[in-house]
Each structure stands twice: as structure tokens, then as C-alpha cells.
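Q: These came from TrEMBL, pasted as-is:
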SIGNAL    1-23  signal peptide
DOMAIN    23-132  domain 'Ig-like'
DOMAIN    148-268  domain 'Ig-like'
DOMAIN    280-403  domain 'Ig-like'
DOMAIN    411-538  domain 'Ig-like'
DOMAIN    548-671  domain 'Ig-like'
DOMAIN    685-793  domain 'Ig-like'
TRANSMEM  833-857  transmembrane segment
Amino acid sequence: MDKETGLFHFLMLVISLVVLCESRVVKVPTGPLMHVEGQAVSIHCDVSDYEGPSDQDFDWSMVLSGDKLVNIISTTFDSGFTDSSVKDRVNSGDISINKLGHSSVELRFKKVRATDSGLYRCSTPSTDSVVSGNYDADVELKVIGDSLKVATAVSKSVVNEGESVQLQCSITRGFTEHTFLSVTWSIRRGNNPFEEILTFGPDDEIKVESNYSQLYADGGFQLDLRGGGFYGLVLTNPKPMEVGVYVCTAREWVRQGEEGKKWRKILERTEEVGKVVVTPIAQSLMVAVEKNTTLNVGDTLNLTCTVAANVLPSLSLELMWLVRSIDGSGSPRVLIHIGRDGLLQNGSEAVGFSKVNARTFRLLVHKVDRSDSGLYSCRVKAWLQQGREKWYQAAEKTSDTVQVLVTHLEPQFKVTLEAPLTPQFTSDPTELRCQVTNLLHLQDGLLGVTWSYSNTTKDASQNEVIIASLNQHGALTTGRQYKERLERGDIAVTKRDPNIFILRMLQTRDTDMGSYLCSVTAWTSGRQGGWEKAKDVPSTSVVVQWSPKVPVLQVLAHRVREASTGGSTFEMTCRVTAQNLQNPAYSVLILFEETRGGKSRKVLSLSSDSVLQLEEWSEPNRMDSVVLEKTGQLEYRFRLYGAQVSDCGFYYCRVTAWMSDQGTDWNQAVNESNKIEIAFADTGPVFNISIQSHTSKVLPGDTVKMKCIMSTLSAAPNTGDVAFDIRWFQSSERAVDNGGVLPLISMDRWGVVKKTGGDRTQCSLERTDWQTFVLGVHKTEDNDVGEYYCTATPWLLSPATGVWTKGQDLKSAPVFLSIKLELLDSLKMPVSYGVAAAVIACLLSVLLGLGVSHCCFSKNPMHTPRPRNKLIDLEMD
């Protein structure tokens, strides 16, 4: 029995928990609900976790003291439910109920009254099978009176830029617990909507809108919280951009939410403060400078700049004095610059500045000169402070210009140019004299001069060249084209007296003919101790010209000794005739032509300093065979010893006359003489050259020999009276023609062998008799294939003079060398190697087979063979 009782109680407990988890819940907002009298109010109520139909009914009642209820309205629309005290308001719709859904409803007041304050209950009839949860919920409604009032005023509606403005906003309200106040300042520019500037409250914090955060940080405006409901806005230095209608808005707030973290506005009042107009500083800023003035050189310039503005004491002024040319052209130049802090930023010692008072500034220029003439003006920039450390430029204005004219008596003088010394011939000296006369008003000034030249054959204005200049201190400045001549002293520029200047050319050139001009400059001392140009006066031009003589140079060659046979001496002289040459120096060049009018070749030369030099005479064994010497004032002798057949041709002289034109500049005249011929018959033997080879095809690695044989077509000379220079050449099939290349191997007439073909070919050269020269090519290879030929130069000894004479070069016909590869010969070695390899492989195979058979099939001594004549015993595996 006890077990059954315990089980029953356990089941009831589980049922109770389930019922509690799913019990009805009626909810209303957390109170108290604060509202202002006359406003529309709605109170929500909803039910959840209920049984029965989804559509629920709701009843609203007011709870009086002692839990007495005054029924207000029900969703059942039962006419007998509403209490008579509120029946008229319900019938008129001032109080109504609105079904928001099956499980939610709201109680509405069109205009809530102060008497509506109280505790309101939302009830739901039970539709549950089990009574559980709550069937009603209470919420307190507090209705306060509309006591919020806003009063505004402005200290001054029209202000100047930089003037402070006080915007006043006074707020009063009746004290009500749990309500909070906020104040918002806004501005409207033109027809644009209101734009909030800052808000104070409801949590006693100041919130500045993003568009005004920088202006607030700079101190452009601030909130005046002096207490007693006063919330003013001070515009410390309003700008024209801050013009507009200012508005003060007061709002009342209450906290809502479970923890009161959210704010709900319950009341708002807005009042216009009025329109604020800011007059820009630029409209009132005025800058003026005194009238025009005329001064003499050395006087003091005194100009006054007057500044006027509406809020001048609050401005910081930046001032600049400007000056431009008297004709108004060009950009103005800053004469002096005073910053807004009163410090000098740009100026000079000659310019003074003073501040007479807050609106008057004075400029002083001591000892003025003509360069101080111009149009003067005063430029003012007005700065206003923005915040504690920032400044901004509010306006800028420049005064009208005043003319300052500085007069001065210019120096008066005349300039004349004369030529006391003119050249008659090239290289004669020239002297020009520039003199200043009738000099007035120079006082302590100085004179300088500029010399210029122009070619009379061209436009002088476009062809004028500066020769040199002397400044007021006598310092020389050279022109670019005459710099070298002036530095060498060929041209001298001097100042003989204070008013006389001299230009002297020691040796006048033909290019110096032309028109000369001197221009004298008067220099006066400046205000700062320097020198300034006061006046330039040019002279009339003077023409320097003469009739130049054309130089004449003639050269005549004369044969002195004729070379009639080989080995004889040739000699000729070259005589020079000159006219109209100034101190010439001569150089002589001997030239040779193999045929008349053919290509010339330089033999040797003798310079103007008597330096002998071989030019293109390349006979290494005949360096001393040619001589050129000076034998008279205008005569030169050329001598050729041991004339050879190759020396036959035409010889002549080329003479150059060098005339010094100051320093390193030289003029020259060139002429050539008539041509003298060397011609004689070669009476020696006539040689022939041939080539022989014992074979034209060889095997690789063999040696081949080829003979170069010299023979005579006339009577043979004695063997001791003839010698040959032999050269062997190879023309490979894989190469281009060997014309001009070095020989493969050579032997000179003294028997010296020289190999010049490199190590590519192994060759030798030997002489077997006086006329046979054998070339041996050893260990022939593929690169030895090609044509071979030889060349020879015969040399004959003259029994009478003992002089060796060189003959004409001879060239043999070519012989072709090729390498043959026989099939049998080419197969000998590969076949031999193959047979030997096969025999060795066979022997190795036999030996390997014997070894394997011996190891694997030898007899086992422990094994006893079975008898063949007996039965084999049965065995079991």
C-alpha cells in the first residue's frame, strides 16, 4: 500500500512540473509608464502558453485602493462591463481597445488626462483545462502636466566677423520624478532643413555633430551652462559661413527597459532664437597709401599705409610693401614683408619700417636712386584667431598704387673712335683709340668700355661680336671668340687716361678686316655701396681694311743624276720660288708614282724643323737607300742609292709653306713640282718558276713532297750571283682564296726558313740545289687537302758594283693534294679488332663451362649407387 501511495505522489509531482512549465503568462510593459497630459498613450498586453482556442479575450481595469477595480473596456464588447465613470470616454472613442492579434491587445488613450494616473490591470478569462500561471498583470501609468517652456534671445543679430555672439535659451518645467531634460542647438541656412550642432543631455553629456566637431575643438563655439535652466550658445568668432537661423530645442526623457538603459522621449519644445548675420572683414577692410611723390637722388622716401576695419583691434595684420616698374609692366616686387606677429620676414638694410599706431604703418627708403622709381602699393592680410592657437586669414586687400619718381642728372659725354695705326699688309699692327669728351655730371662716377667687331660684308647688327670689355675698375672681360688671342697677348685692351681707351692688335689677320665700335659706360655708386650703370654711349664705327696680296708658291724639280742601270744612284733637286709670304717655313715631301697619273706613294719627308722621316718606304734592307736634305735657302735634294727595277717610276716634290699667324695658328700654301722619271731596261736573266709533285693522292699519315723549280730562259748566271726568296702557300678547299694571307712556310735569299702558317700543318722546306726548293708535308690529315703553289723573288748580284738587285716576283701554277681512303685499307684495322675480340670471347666461354661442370657434377664420396640387379626397396616418403 505504501508503494502505491509513493508512486501516486511521484506522478502528481511530474504532472505539476509539466503544468507549471506550460502555465499561462500574461505580460504588460514594465512600469511606471510616464506620459504627458494631452498626449496619445497606448499600453500593450499579451498572453502566452495557454490552452483552448487561439483567440483570447482581454479585460482592462483600473485598480483602486483596497483592490477595488473599475472596469474600463473588454474585447468581448460587453456593454455592461464598462464602469459608468468612464463610459462616456469609451463611447466617444477617447478610450479604446485594439486587438493586435489572437494573443495581444493594446489599451489606447487619445488624450491622456492627469486623472488617468493609476494602476491598470490586464486580465484574460481562463480557457485552460488546469488553472495555472497568471491570468492578469498590472502596470502603473503616471500622467504629468505639460509644464515645459522655452524662452530664447540673441545678444546681437548682426555682427562683424570675429565678434562674439551670445545665443540665449532658458528652459523651465515643473519638477517630476524620473524625468530628464536635454537641450539641442540647431541651425538652418536658407531653405535647407535644420541641421543639429550639439546636444546636451539627457545624461549630462555634450554630443557634437560630426560636421561641427572640428569647429568645436577649435573653440569656434561653446555651451554656456550658467545654471537656473540657462543653456546658452556662444559663437566666439563667427565666420560668414555660420550665417543662419538658430533654434533651441528642449526635450523631456524617461528611462525604459528592464535595466533602464534606453531613453524614451516624452515631450519636446522648439523655439527659434533668430537669424544671425555675420559681416565679413573683407567688406570693411580699407587700405590706402599717400599720394604720388617726386624725389631727387639721395632723398628719403616716406610713405604711409593706413588700414581701417570694423573690428580692427581684434585683427592681426600682415603687411607687405610692393613696388613695380614705373610703366606698370612685370610682376610687383616685395620690398619689405612684416608678418602678423610683427617680425620682419623679408627686407633689406636700406628699407625701414615703423608702426605709427594700430592703423598706420610707415615705409622709409634712405638715399633713393633712380632704380627706386616705380609704382608703390601696400598689401594687408587680416588674420583672426580661431580657438586658442589657430589663426585663419579673414581678408586680404591691396591699396591703389602711388607713383614715386626719382630724378637724377645723367652724365653727359661724347665718344669718338679713331684709327691712328692701320695695316697695309697682313700681320701688320692695328691700333684703335676711343676717347670720351665733353664729360659732365659724372661727379664721383667711373667709366668703362666695350669693344665690338662686325663683318662689313654682312649685316652689322646681326654679326656684331664682343671683343673685350673693361669695367669701371679696369677689370678685363674677354669675348668668347677672342679669348685665346687676348690671353696670349696678341690683342691688348688698355686704359691710357681716365677718358681714353686703346685697342691694339699686334699682327692683324685677314679675318680682322671689318667694322670696329667702342661703347663707353658711365658707372655711378649705388645706395648700398655698389656700382650701377648710369648711361651707355656708343661711338661711330671705324672700318679697318687693306688689299691683301695673294701668296705665290712654285716648285721646280731638276734631274741631277740619272739611274740608267740597276744598282745605280738617282738624284734630283727641288727649287722653291715664293712671293707674298710672311716669314714662311717649308716642309718637303717626296712622292712616287709607278705610272704617270697613277696612285701616289709617299717616300720620305723633311719637316719645317728639318726632321727627316721615312713615310711609306717599307724596304727593310734599304732604309738607308733614300736621302732628302736641304742644300740651299730654297733648294732641297733627293737621292736614291742602288736603284732597282721596282724603283722605276715618276718622282716629284710637294712643298708646303707654313706662315705663323700668332701663336699656334698657321696659314699654309701648298704646291707640287714637275715629275722626274726613273726608267732603265732590265738586262739580267729571265727566270721561270714551275712546281712538281711525285703524287697528288696520299693516304692519311703519309708524307708528300712538292718541288718549286727555278729556271732561266736566257744565259744562266753564276750560282753565286743569284739568290731567291721562296714562299709556299696553301689554298684549302674549306677556306676562301689565300690572296694577301701569310705563306705556309718561306725561305729568304740567305737560306733562313720561317714558318708562318701555324702548327696546323706539319711541313718543312729545303733547298736541294741552287734552283730547287722542296716542300715536305708530313703526317697528312684532312686539313692538308687543297691547292699548293709557290712564289719566288730573284735577286742578282752586279759584278761591277757588288750591289744586289731585286727582280720581279714570280708565281707558279697550283698543284692539288688530296687524301685517298682504300676500302681494304680502311677495313683492316676494324676487322682485326673484331676477330681478336671474338676469339677472346670464345675462350672465356669454354673456360667458364668447364668450371661450372666441375663444381656442380663432381662425384659425392658418401653416395653408394644402387645395384641394378636387385629390387629397389619400397620407401615411404
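Using N, Cα and C of the backbone, Cβ positions are placed for all residues, glycine too.
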Q: Report the listed stretch (23-132, 148-268, 280-403, 411-538) having the maximum count of Cβ pairs within less than 8 Å of the domain 'Ig-like' (548-671).
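A: Going through each listed stretch, the top one turns out to be 411-538.
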Q: Let me spell it out: take the transmembrane segment (833-857), skip the flanking residues so only those 6+ beyond its ends count, and list any with a Cβ under 8 Å from a Cβ in it.
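A: For the transmembrane segment (833-857), the far contacts come to none.
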Q: Would you mind giving the whole-number mean pLDDT across the domain 'Ig-like' (548-671)?
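A: Mean pLDDT, the domain 'Ig-like' (548-671): 85.
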Q: So how many of the residues in the domain 'Ig-like' (23-132) end up helix, strand or coil by DSSP?
A: 12 helix, 46 strand, 52 coil
Q: With DSSP as the yardstick, break the domain 'Ig-like' (548-671) down into helix, strand and coil residue counts.
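A: Breakdown, helix to coil: 6 helix, 71 strand, 47 coil.
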Q: Is it possible to list how many residues within the domain 'Ig-like' (411-538) are helical, extended or coil according to DSSP?
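A: Computed counts for the domain 'Ig-like' (411-538) are 13 helix, 72 strand, 43 coil.
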